[in-house]
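According to Swiss-Prot:
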- His192: active site, proton acceptor (ACT_SITE)
- Gly11, Ala12, Ala13, Gly14, Gln15, Ile16, Gly17, Asn107, Gln114, Val131, Gly132, Asn133: NAD(+) binding site (BINDING)
- Arg94, Arg100, Asn133, Arg167: substrate binding site (BINDING)
Amino acid sequence: MKAPVRVAVTGAAGQIGYALLFRIASGAMLGADQPVILQLLEIPDEKAQKALKGVMMELEDCAFPLLHSMIATGDPAVAFKDADVALLVGARPRGPGMERKDLLTANGQIFTVQGEAIGKYANPNVKVLVVGNPANTNAYIAMKSAMKHGRVKAKNFTAMLRLDHNRALSQLATKTGKPVASFKKVAVWGNHSPTMYPDVRFATADGAKVPELLKLGTAEGDAWNKDTFIPTVGKRGAAIIEARGLSSAASAASAAVDHIRDWWLGTNGEWVTMGIPSDGSYDIPEGIMYGFPVTCKNGEYEIVKGLEIDAFSREKMNNTLKELNEEKDAVASML
């Protein structure tokens, strides 16, 4: 049996946490032969800690062979100690009358503290995924806060755009009648927000070119892409809140499992989307936490290079970049 991997999860008793922990403990994230130690962080509030104990009781009752042990804590220093993987799920949700700037400030405080703790206490090779929204900027804050301690590199911090990627796949499958697993080379650029740009220009399905299946280049095909597909993917979260009365939790948890699994185990040359600190590719300024098409191998991700960016795509990519720059400026004083 392999040595157990330490997985820290924040917001562990929340809706996404509840949907996520059983998947991790079952082996769906790191593999069917990889034991895990769950290091679970919740706010140091009696009610939240009690709820977390209840979740842990359920995890015990599943008798997962791969669940080595669990820790519950309200202290980030304990939760991130020697963590090999960290899923930052807990975030301040947007309340009534809250401006986006207020949301950025409230979350800035949370992710500064957690980033600092990761920088001080986690395994220096920790793989960090920020799920809590606004995910890209929360990841940027955590990254900057951690890097002050000189142990954890920028590249270890990522933001979740996999849910948007999976949503794009699902919409394409519905539109074309092809199985969702047949789609390759789909990308989502930019911010995890309605400004994101799902890009199908290079996509294939069972070897067929998706732009041809969608009749891109004709008035009808281009209208579907611009007026239906892109906004549907971008606003899917809001549509789920409208239908369910709650934000998407199980699908977000599933995307988080996909993101870490692919980063950990590799993608066999397939493209996936990850929010990562830009290396300057595609004229996206270095250090901005931005969604790119990547491939993963040996625990590292690499941006898919050399893709042609047409005028429509450049406009979309710049629009989402502008929003990310505005968010970055809004939190600059906290860093």
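Every residue, even glycine, has its Cβ placed from backbone N, Cα and C.
Sequence features annotated in Swiss-Prot and their locations in the structure.
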| residue | record | DSSP (3 states) |
| --- | --- | --- |
| Gly11 | NAD(+) binding site | coil |
| Gly17 | NAD(+) binding site | helix |
| Arg94 | substrate binding site | coil |
| Arg100 | substrate binding site | helix |
| Gln114 | NAD(+) binding site | helix |
| Gly132 | NAD(+) binding site | coil |
| Arg167 | substrate binding site | helix |
| His192 | active site, proton acceptor | coil |
C-alpha spacing of Arg167 (substrate binding site) relative to Gln15 (NAD(+) binding site), in angstrom: 19
Gly11, Ala12, Ala13, Gly14, Gln15, Ile16, Gly17, Asn107, Gln114, Val131, Gly132, Asn133 bind NAD(+) per the record; greatest CA separation between any two, in Å, is 20
State the Cα to Cα distance, in Å, between Ala13 (NAD(+) binding site) and Arg100 (substrate binding site), rounded to an integer. 25
Filtered by Cβ under 8 Å and at least 6 apart in sequence, the residues in the chain of Gly17 (NAD(+) binding site) near it are Val9, Thr10, Gly11, Leu40, Val55, Val89, Gly90, Ala253
Return the count of C-beta atoms lying within 10 angstroms of the C-beta of Arg167 (substrate binding site), excluding that atom itself. 22
Which one of the binding-site residues (Gln15, Gln114, Asn133) has its C-beta surrounded by the most other C-beta atoms within 10 angstroms? Gln114
Looking only at Cβ atoms, how many others are within 10 Å of the one on Gly132 (NAD(+) binding site)? 26
By CA-CA distance, flag whichever of Gln114, Gly132, His192 among the recorded positions is nearest to Arg167 (substrate binding site). His192
By a 10 A CB contact count over all chains shown, which of the recorded positions listed here is most packed: Arg94, Arg100, His192? His192
Give the maximum pairwise CA distance in Å, whole number, for the residues Arg94, Arg100, Asn133, Arg167 listed as binding substrate. 24
